[in-house]
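Contents: one structure, followed by commentary.
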Amino acid sequence: MSAFVDAVTVEVKAGRGGNGKVAFRREAHVEFGGPAGGNGGRGGHIYFIGDEGKNTLIDLKYNRHIKAANGVHGGPKGMHGAHAEDTYVRVPLGTIVYDDKENLIGEVLEHGQTLLIAQGGKGGRGNMAFASNNNKAPDFAEQGDLGQIFLAKVELQVLADVGLLGYPNVGKSTLITRISNAKAKIADYQFTTLSPQLGMVNVEDDAFVVADLPGLIEFAHLGVGLGLQFLKHVERCRVLLHIVSMDSLDPLDDYNKINNELVLYDEKLKDRTQIVVANKMDVEGAQEKFEAFKKALKDVKVIPISALMNDGIQTLKYEIATTLKTIPKFAPKDTTKHYTLNAEDAVDFIINKGDDGVFELTGDKLFVLFNRTDFNNESAVKRFARQLRGLGIEDALREHGVVHGDIVRIFSYEFEYLE
């Protein structure tokens, strides 16, 4: 069995758009051929796709750099470059993705569902696209936009209908093997289950997924034991099967402490539906403890079983199936499409004076224009200068005290300011 990995950070790098082409028609008997450079193709996107056959993020742990291909450059004779193929990465159901600013990109909940993680850059326009009445033969083109590059935080919350809840060594692993097709490791010591075990349970025409989660202990909400690793997986379970061992010194105290940990982790979990199970009814003195436990819980239904002896298992399975029919599945989390730049967050340009006396220009809009410019093409550089004036950069530089002969740096490009 592969190791269980439920959190990983990966670098995603979508493809850059292909460059536009500078070309002209040069054919016999065509006196004024005009521009004929095609546009570049779009860079490849990066998608995650849900795969019900996966239950861990271990593939991402050993592949922390995910890249998509670049778009094809435009060609002569008006030929546009092909879009790059998109990159698809298979992930388990329950995968949640955040960008490097902690914005939620989305989550993968269904088999075959695709989630856009990083968007490929637009292809640059060829010189054919810039022809106008004022410039019938443009001799410049755009370079393709960069694809998105960032560190993505990927988490897995086990996607199960039912989560087994309880102290270590209450018999959860034995129970899941009795009610489902799961093959859990079983031993008589704490924390036998170090990672979630999933099993499919069939009850007549119904079927549901149950998860045996790592045992919970007191102060788990503070990260003690496997606390936080466990608790985040509880969030996605529609029903919690709260198992209390009747060979405990104080079953009621165990029950109350586990519920307290849930509430301290997330107040909303106090309203999560629970089915309370009294396990190990085969041990000596269990019946007396069960009666006292049931009396203390008053109106809460308690189902007595012995997972070891296979007693009460069918009754429990029917109870779970009946309860699940009354509880809807979770709606997806609200997402923030990180690749959509909010108007209030976009900055055309920022001017700072560096320690070396050089005036530095940065900004969102400026970055896009800069990357689209071919600085080996004089006409493209002149167009970039016109775009800077259009943004008001020339006036802003003078307001910041820039004078004739000063050096101005725009990202990796330096030029001398001339009045």
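From the backbone N, Cα and C atoms, a Cβ is placed for every residue, glycine too.
The annotation GTP binding site is assigned in Swiss-Prot to 166-173, 191-195, 212-215, 279-282, 306-308. What Swiss-Prot records for Ser173, Thr193 is Mg(2+) binding site. According to Swiss-Prot, the domain 'Obg' annotation covers 2-159, on the basis of sequence analysis. Look at Swiss-Prot and you will find 160-325 tagged as domain 'OBG-type G', backed by sequence analysis. What Swiss-Prot lists as domain 'OCT' is 341-419, and the listing cites sequence analysis.
Shown are the binding-site residues Asn169, Ser173, Ser306; of these, the residue with the fewest other Cβ atoms within 10 Å is Asn169.
Taking CA atoms as the reference points, Ser173 (Mg(2+) binding site) and Ser306 (GTP binding site) are 13 Å apart. For the recorded site, Gly166 (GTP binding site), the DSSP three-state label reads coil. In this view, Gly166 (GTP binding site) is surrounded by 23 other Cβ atoms within 10 Å of its Cβ, with every protein chain counted. All protein chains considered, the CB of Lys280 (GTP binding site) has 24 other CB atoms within 10 Å. Lys172 (GTP binding site) has a Cβ environment of 31 other Cβ atoms inside 10 Å.
In the three-state DSSP classification, Lys172 (GTP binding site) falls within a helix. According to its DSSP assignment, Lys280 (GTP binding site) is coil.
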